[in-house]
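See structure below.
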Amino acid sequence: MAVKYIFVTGGVLSSLGKGITSSSIATLLQQSGYSVSILKIDPYINVDPGTMSPLEHGEVFVTCDGAETDLDIGHYERFLNKDFHKKNNFTTGQIYMSVIENERKGKYLGKTIQIVPHIVDEIKSRIKFAGEGSDFLVVELGGTVGDIEGMPYLEAMRQMKHELGGKQVISIHITLIPLMRAAGELKTKPTQHSVQELRRIGISPQILVARCEKNLDKELKRKLALSCDVDNDSVIVAQDTQSIYKCPLNFLEEGILTPIARHLELGELKPKMDNWDMLVKKIIAPKSNITIGFVGKYLSLKESYKSLIESLIHAGANTDTRVNIKWIDSEILVDNLALLYDVDSLLIPGGFGERGIEGKLEAIKYARIQQIPLLGICLGMQLSLIEFARNVLGMSEANSIEFDPQTKEPVIYLIENFIDSQGGVQLRTHTSPMGGTMRLGEYECHIKKGTKLYEAYGKQTLIKERHRHRYEANPHYRALFEKNGMIVSGESNGLIESIELANHPWFVGVQFHPEFTSRLQNPNPVILAFVKETLAHKKT
């Protein structure tokens, strides 16, 4: 069958859950037996989010092929239990860069370059490329209808509907139905205005998703259907819920597949959601609970750690455990070590820069001495080596050259002649451009037999995990570390990929980011092992 396109837009305001809605629709179609892909379009002019502050953008999600993408790509992978790639996310910056490069090469034969047709044609080309090989492509447009940045994309959507027809392209619009608490009344006017704005552009949505705090009655649904020119069964309620993973089940119950099937001329859709339903029930009402101390520095925007938070939920669902996160600000921890006393384990996530480092080092020292489970990820692993070097090996000046370029004991250093995932050699220095110059994407890791990592990965000796870092553990110190009980449990082409303490119940550090490959139906092995170990050592 020809690829069918489902365009998802948002109105009234941002952060309505377009990513979760897109993921949920794609999941229901996938579980109905179709092959489904998703594309996220980001209208900002940055080439990618790789150099954006986590506090500005949230998490940067890394795909298996090394793309630094929007965090919604993480939702897509976690819901559909499949890998996505560079082609599944593009920005206005990439569109303009491509068009300008083509103009410089003379590919437009001297014509004046304009938004229409050149920019819009490039957008349509990338949308179609993302859908190749799939039955469905769900396209999520970031931002809000009416934003000037989104206009070329809406024009591209309008043209695709005109070119391909209503049996191959549908539009789903998500809006907010605010609750006026003083009157206890839901208001539909913002939604009506949002749809009017979309129709002025030339797009009439076939399905309306109403995000709201409480359910809509039949009269409100009828009113929305009439004013927004959609069928009565095409007003779908997206009510606030206890878990994002319940959303596909809620949409299924609301009947969203009925108008989708009708407009795209599909047969009856019967998704198989039994296993999904079972896991959701374990998220909402688990038998056990644990508390993990999450020592970070981007705590004012917890979406900076989105994949890691979700990976703990996945591990919890698969162990029937509620994972409670105690957020601990590493910048205030040095003078407040009592914050660590009531947690069952500690998690030290990745990050960049010197701010908050001393607090993380104190947390690592506490876990090492008190024998409580610890998982250090990326920077967390590097700091575990620095803490061990300073407090066990007596190397008081041990540091990373990221924090002290002149350190006499560079336990963590920068590889200048770096071999990337395609086998190419990149020259890297402190002055190299920030964007795209890190170790990015999926790399192999050889695991040492008999280690905790070996057990976590089901006694596999070769795994693949994703990376996003610039600095590495210095192999010059490896023999000294191992002689004193810090085991190198994983490596890749001579690079140290994972470490663990010999005389400790569970003290593991990994240079890769296991959270990027965790899925609800397939939790990452090292995250799952960490949660299981935390449960085993839970404080009574």
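Placed from the backbone N, Cα and C atoms, the Cβ positions cover glycine too.
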Seminar exercise, completed: Listed alongside Gly351, Leu379, Gly380, Met381, Gln382, Arg470 for L-glutamine in Swiss-Prot, from Glu331, Glu397, Glu402, is Glu402
Problem set entry | According to Swiss-Prot, which candidate in Lys40, Lys111, Lys221, Lys223 joins Ser14, Asp147, Ile148, Glu149, Lys187, Thr188, Lys189, Pro190, Thr191, Gln192 at the CTP site | Lys223
For this session: Among Asp70, Asp72, Asp83, Asp121, find me the residue Swiss-Prot lists at the same ATP site as Ser15, Leu16, Gly17, Lys18, Gly19, Ile20.
Result: Asp72
For this session: Write out the long-range same-chain contacts of Thr188 (UTP binding site), meaning residues 6 or more apart in sequence whose Cβ is under 8 Å from its Cβ.
Result: Ile177, Leu220, Lys223, Leu224, Ser227
Problem set entry | Rounded Cα-Cα span from Lys18 (ATP binding site) to Cys378 (active site, nucleophile), Å | 30
Seminar exercise, completed: Sequence-ordered list of residues in the chain of Asp72 (ATP binding site) that lie 6 or more positions away and have a Cβ within less than 8 Å of its Cβ, or none, is Lys18, Gly19, Ser22, Ser23, Lys40, Phe61, Asn89, Glu140, Gly142
Problem set entry | Set of same-chain residues at least 6 away whose C-beta sits under 8 angstroms from Gln382 (L-glutamine binding site) | Gly376, Ser400, Val411, Ile412, Tyr471, Ala473, Gly509, Gln511
For this session: Report the residues of the chain - excluding Gly351, Leu379, Gly380, Met381, Gln382, Glu402, Arg470 - with C-beta within 8 Å of the mean position of the site's C-beta atoms, for the recorded L-glutamine site, in sequence order.
Result: Gly350, Phe352, Cys378, Leu383, Ser400, Ile412, His469, Tyr471
Seminar exercise, completed: DSSP says Lys187 (CTP binding site), in three-state terms, is coil
